[in-house]
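K.L.:
My questions will all concern the structure given below.
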Amino acid sequence: MGRSKSWIWAALVVVMLLLVVAEGKKIFEKKEKVCDKGWECKNSKFCCNETITDFFQVYQFENLFSKRNAPVAHAVGFWDYQSFILAAAEYEPLGFGTTGGKHTGMKEVAAFLGHVGSKTSCGYGVATGGPLAYGLCYNHEMSPSQSYCAEDLKYPCVDGAEYYGRGALPVYWNSNYGIIGDGIKVDLLHHPEYLEQNATIAFQAALWRWMTPMNKKQPSAHDVFVGNWKPTKNDTLSKRLPGFGATMNILYGDLVCGQGFVDSMNNIISHYQYYLDLMGVGREQSGDNLDCAEQLAFNPTVAPTQSATS
């Protein structure tokens, strides 16, 4: 009888060991594969896809921003392809331009740069090359209408610093310089001028805004564009749906969205579609929910004079 029990216990131990091994194998199999693509993309599952330099070359950047160094431009010699790629390398391991394969990556680069181009353009209706060819004409606000300094306990204004609009997606107000500076680990609160002195930092600040949710329970512009975000019932009722339109909602809120088909919104869409054409993707691939004309803002404006994205 005792010998029989020993065999039973031995069998149970073997079964338990087999279960442990099987479970360990499952865990191992579930572990995500990560890849390295040199300096541009390291130690991430997203690096297993094509990276931005695989599908976006110097000549394409030059085509998109063909008039940025024209005589009428105000930031001649400032913006370049290398600065964008260096900045993008910080975010490619997080999925910027590397989510969902080459086609989605190209569309996301066009979408991000569409915002950048529209916000830094000095193009006009009869401009040579067309008004959409003048993205990256500016790197700072030319005639600030106010000081953009507001009381803030965490990010108080620094004596001598000015917080007018600067960068690839212009940053305004001391609090926004502080938040974004923390995000990219550059002291922009004390040195807001970095955004008009260093193009890589300017692109990094813009990419941080693209990749980072403004509130914990909200998506980033990246998330709503590449399909990582599933709208809640409240989002659906507010007509907020995945697509390019929602990226404008996140970045500009009711300054652009929920106002009907206003010029400010149409201009951003036009840049996005123009860049899709130039990159060989085609505007017919713009995606669903292109506009935000009827969307309620994720974060309704409380104090319009303190908006980060005017």
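Yeah, the Cβs are placed from backbone N, Cα and C, and that goes for glycine too.
Those TrEMBL annotations? Automatic predictions, nothing curated.
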K.L.:
Of the listed cysteines C137, C149, which one does TrEMBL record as disulfide-linked to C157?
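P.N.:
Between C157 and one of C137, C149, TrEMBL records a disulfide, namely with C149.
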K.L.:
Looking at the disulfide bonds in TrEMBL, identify which of C137, C257 pairs up with C292.
P.N.:
C257
K.L.:
Let me make sure I understand the structure: which of the disulfide-bonded residues listed (C149, C157, C257, C292) has the fewest other Cβ atoms within 10 A of its Cβ?
P.N.:
C149
K.L.:
Please give the average pLDDT for the domain 'Glycoside hydrolase family 19 catalytic' (60-292) in this predicted model.
P.N.:
96
K.L.:
Compute the C-alpha separation of C257 (disulfide bond) from C157 (disulfide bond), stating it in Å without decimals.
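P.N.:
Here the two Cα atoms are 30 Å apart.
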